[in-house]
């Protein structure tokens, strides 16, 4: 091969006529794309600063658990009072919950008085249960004693406190409605206890609205799009042991086993790989059908813990699971049909794998090398995910401004307080959207960079074998993988940075255009004419083609570097 590769690879003279002194791989080269390498380093400095902001301002507990009326995050052991293991948000005043769902009401559910509990209260069968505010002031109870008493210290109240409690101003509130744990919020069920209502009326208690709206307000809040997104992000953080084992260690182990089997069972491996892939696709599809409720009785439910099987509460996540099941069905059909259609190609792949097996036998370090970039990416993803959780939950907890009646008894001041009794909400800083986007883009760029480095190292290692005419040669360097890594670190990191940046930039543009397209579709601003639709679909197709071409060109460019 005496083309442009001659100055880089092989035993041919360089372009200036000088003899090639580097053997199989030329060492007569210089660093490239230093400017982009400096940009990449500056970008990493920005990633560190951005992540530091998230670790300083964020609290991942906010993504799952709500805020009580004091602005504390449920389950936070550093709160005042300490709320360790008190993870369930419970609204004390049922009339406030009812009022927050009325169309003409300015009262919001975020302003309703709420506290954090260990479990959701249920009405008594023969008396009236109470849930009282956090003990303080004249109530000489510790938090543990308060929990052991089922949050009830009504018998210790003074006549003034009892009078305000009967008027639904606390510090104790009646348990009239049963409640159930729905995504760590106590969802009221619109089935008031007749026994509890009778006792409440006998005490002269204020009228309590028992309409169906009592449960719709909480359901609307827990089922909103922002709440669902926060739960998805939080679930990723909570499932880190599963991600490490099933998404990290197990695939690495299976990949090494696959390489070893390629080395010793070349003829059978293409068929084994195709069959196992299709079996895996079918198994995953059946799993989605199971969780979507179309097979068996193990569908996902928003209710946490044991509950009455006759209680059915809808969750947006179930629709997402059913959409995923439909998508996986399509993928499964395409996978099986494609496997049947490419049988001849599979036979051809056997000869290709035979060459690959010879390369692995000659350059045995290729079996171990993938562990290095894999470990680097694993560490990066763990740090990145932790920073992402803190960024998504960063912001300031501030008190709402409301003009509604939310008076409640203050145990510390020993009186009913109507000043600044509104609830608290998490307010995001103006630049948090930019910080999150920067963090997401950073993940994609870093991933592409590590993949590019891995591909280039493998290309340089295989070149040592390939350009030796497939024979054992003294010119093949000892441990060619590490020799290739040394050349990469010395000459080509800048090229890896610019190549991975190009792919990441095109992918980001496509993602933004897709987001705009979905918003226009929802807003019914999509083109209606056939010319507009054709132009719209053609632009999407061209953008994806450009992305594929850039990825292909980049991969070939990484190989050409050696």
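Backbone N, Cα and C atoms are what each Cβ position is placed from, and that goes for glycine too.
Automated prediction, rather than curation, is the source of TrEMBL annotations.
TrEMBL assigns the feature transmembrane segment to residues 323-343, out of the candidate ranges 218-238, 302-322, 323-343, 386-406. Looking at 429-448, 449-468, 469-488, the stretch flagged in TrEMBL as transmembrane segment turns out to be 449-468. Residue ranges 153-175, 176-198, 268-290 are listed, and TrEMBL annotates 268-290 among them as transmembrane segment.
Each of 34-55, 268-290, 363-384 was scored by its Cβ pairs under 8 Å to the transmembrane segment (240-262), and the highest score goes to 363-384.
It is 268-290 that, among the stretches 34-55, 268-290, 363-384, forms the most Cβ pairs under 8 Å with the transmembrane segment (323-343). With a threshold of 8 Å between CB atoms, the same-chain residues lying at least 6 positions outside the transmembrane segment (363-384) that come near it are 51, 240, 244, 248, 252, 255-256, 259-260, 263, 439, 442-443, 446-447, 450-451, 453-454, 457-458, 461-462, 464-465, 479-482.
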